[in-house]
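Novice: After the structure tokens below, expect a handful of questions from me.
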């Protein structure tokens with residue numbers, strides 16, 4: 001999985017004119033390995049030899065290039081994910097955990113919005129907030 005994803009990402013970096021450095025590859029590989037929505041601090045824990053400003057700088061660059069997406073909700077710390085198919089996020093209001101939700105019927109919202117408003121719809125975002133099972137269990141104690 002990691003090799004397949006890296007095979008997709010490296011040409012994107014090269015196409016944008018960005019140098020493919022060891023640090024950039026390590027950050028991307030770490031994001032793939034974590035397989036979730038890591039913060040810069042999460043990535044730094046996995047790559048302690050790399051400075052936090054270097055990680056932040058590269059994450060911002062990857063966002064600008066459209067390689068990753070910044071998720072600025074939840075605990076106040078931005079989290080990041082590799083850009084993939086359109087999906088939604090369910091966010092725990094207690095701990096900030098983010099879970100992907102793929103629900104096909106929600107894709108019809110864009111079509112309905114276009115029909116009802118005559119707008120050309122480009123995209124939409126939906127965030128659902130709740131309390132994850134771990135936080136529910138903790139609250140019941």
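Glycine residues also receive a Cβ, built from the backbone N, Cα and C atoms like all the rest.
Heads up, TrEMBL stuff is auto-annotated, nobody curated it.
The feature Fe cation binding site is assigned by TrEMBL to 86, 124. Sequence annotations record features per position, and here TrEMBL assigns Zn(2+) binding site to 92, 95, 132, 135.
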Novice: Given the recorded Zn(2+) site (92, 95, 132, 135), which additional residues of the same chain have their Cβ within 8 Å of the Cβ centre, ordered by sequence?
Specialist: 93, 94, 96, 97, 131, 133, 134, 136
Novice: Below 8 Å Cβ to Cβ and six or more residues apart, same chain only. Which residues does that give for residue 86 (Fe cation binding site)?
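Specialist: Once residues fewer than 6 apart are set aside, residue 86 (Fe cation binding site) is near 107, 123.
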Novice: Enter the number of other CB atoms within 10 angstroms of the CB of residue 132 (Zn(2+) binding site).
Specialist: 18
Novice: For residue 124 (Fe cation binding site) and residue 92 (Zn(2+) binding site), determine the Cα separation and express it in whole Å.
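Specialist: With distance taken Cα to Cα, residue 92 (Zn(2+) binding site) is 21 Å from residue 124 (Fe cation binding site).
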Novice: If you count Cβ atoms within 10 Å of each one, which of the binding-site residues 92, 95, 135 comes out on top?
Specialist: 92
Novice: Among all protein chains shown, how many Cβ atoms are found within 10 Å of the Cβ of residue 124 (Fe cation binding site), not counting that one?
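Specialist: Total other Cβ atoms inside 10 Å, all chains included: 12.
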